[in-house]
Each structure stands twice: as C-alpha cells, then as structure tokens.
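*Asks:* Here it is, the structure in full.
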Amino acid sequence: MTRTHDDEWDLASSVGATATMVAAGRAMATKDPRGLIDDPFAEPLVRAVGVDFFTKMMDGELDLDAIENATPVRIQSMVDGMAVRTKYFDDYFVDATDAGVRRVVILASGLDSRAYRLPWPAGTVVYEIDQPRVIEFKSNTLAEVGAEPTATRRTIPIDLRGDWPAALSAAGFDPAAPTAWLAEGLLIYLPPEAQDRLFDNITALSAPGSTIATEFVPGIVDFDAERVREMSGSFRQHGVDIDMASLVYAGERNHVIDYLNGLGWRAEGVTRTELFHRHGIEVPAPENDDPLGEIIFISATRTR
C-alpha cells in the first residue's frame, strides 16, 4: 500500500508492524547468552500485539523451511543488528544523563520501553511522542504486567506530522533546559523534506548542551526495492501487513551529519559494521544483511 500524508496504523499493520518486528528482535536479543541488551518488556508487548508470526519468531517456533528468504542465519543477523542498535542508543542515554541532562524526548516511540527499563537519575522526565493508539496500547499493556516507569513519563499522543512541538510544550516541556532527543528507526519513513523539518524543529527546541541520536541509511537514496519486496513477501504470506518497499521514502536527502552540523550541532557517526566489531559479533554476509545496506548511527551535541 502506498504511503499517504495522513495514513494511520496500529501495531499489527503498516509502519506500526515494523515497531512490533523491532520489539520481537529486542526480545530475542535479550535472550541471547551474549547479554548485550536487556529489554524485559519487549516480549510481553509483542505477545499483547498478538501477531502470530512475530510471537513464533520470538519463541523460535517458525518453520523457516516454509518461509521464503528466511534462514536461521538471516534471522540471527536481524537479531544481532537489533542488539547493537539498541545498545548504542541505551548507552547514548546513559552518557547524556551522566552529563547532567534530565529531559528526554523519544520521537515515534512505538514499543520502546526505555522509560521503564533504564536507570534514570532522580528528576529525569521522559516524553514519548507517537500516534494515540500506539501510546495507549503500550501504556495499558505495561500497566497490566505491573511495569512502572523509572522516570517521570509524559506521553504526547500525536503523529509527528502534526504540531508536535506545540503538544510537547503543552505537556510541560521546557526548551531552556538541555534535552536528550532520540529518533530511532524513524528517518527512512519520512520524506526527505520532512526529515529536514524534524531536525529544524528539534533545533528550535534545544538549548546548548542538548543532544540527539538517530541513524542514517545512505542506501535509502537508491535501495534495491525488488529485494526488499521479496523479503516483505515472506511476511505477507504469513499474514503480516508489512511491505517495506512501499513504507520507506527513497531518493536523495541531506546527510544527517552534515545537516546537523549546519544547524549548530557537533555530530559524529559510527557504522553498524563498526558496532559489530566493537561487541565481538560476526558481521553478516551481504546476502543475509539488511537490504538497505550499511547504517550509520549518529549522536550530536548542540554547541550554539
């Protein structure tokens, strides 16, 4: 299904289903004996969504012989990629709060449970922004399993295509205080101009000393749509409404590091391949890797 400017979704369809897939990957990485990450809430959230494919994937019960383009090696590569991504952003928040930041904004938060699982310092406020149905589902599900936030959690039930800066301000956000922003797994679902607008808005709300973390996929400019469709086809054969080729926005866009530097941030990046090496994880072979190619994880600090 082609994206539209006002399309909506739940956690079992479209962009929302990718959040559930990512959470399933975190649940599997949490069970990995290498212990790179610990997300105890990913599994109950995925089970509550109720998509059989992701539940079986999480439990290791998929019949991979019956799924086109699925092999144990490819599944493990996905889990490893999710592990290093999650670890990078977890460490980012620890570093930001160690530096004294006590305001956090998670954009398009999906099934992110960091407000519940990270050791936030006293006085930390975590703002989560996402579509109303997504926010409500996660809040209710985590309440049902007895989870309690480890920081003050404030939810902003609004799509990022709306006036989220105004909604954030209405929830008590203070732009005069340094903020740690996160835009994880988001940019590929934004048109190029919306990506720029997102960073413009963040910059307008960020005091010096604020930080931001995100990832950039250079291959989004000319990604292999046919390979992506082939991989998505295996999902659809098993009742999962994900067609990645139609969900992402391809084409030329500004490189995030260059764009942030131009806005007064000091940005730097590390490739996913480097993160695999850093954590002693085997780098996936090209045929088992993300069809969008290399991923650059970026962190930046507002300097002016």
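Glycine is no exception: its Cβ is also placed from the backbone N, Cα and C atoms.
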*Asks:* Given that Swiss-Prot lists ASP159, LEU160 as binding S-adenosyl-L-methionine, which residue among ASP130, ASP174 does it place in the same site?
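*Replies:* Of ASP130, ASP174, ASP130 joins ASP159, LEU160 in the S-adenosyl-L-methionine site that Swiss-Prot records.
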*Asks:* Write out the long-range same-chain contacts of LEU160 (S-adenosyl-L-methionine binding site), meaning residues 6 or more apart in sequence whose Cβ is under 8 Å from its Cβ.
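*Replies:* Expected: LEU107, ALA108, ILE129, LEU186, LEU198.
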*Asks:* Counting all other Cβ atoms within 10 Å across every protein chain shown, which of the binding-site residues ASP130, ASP159 scores highest?
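*Replies:* Neighbour-count leader: ASP130.
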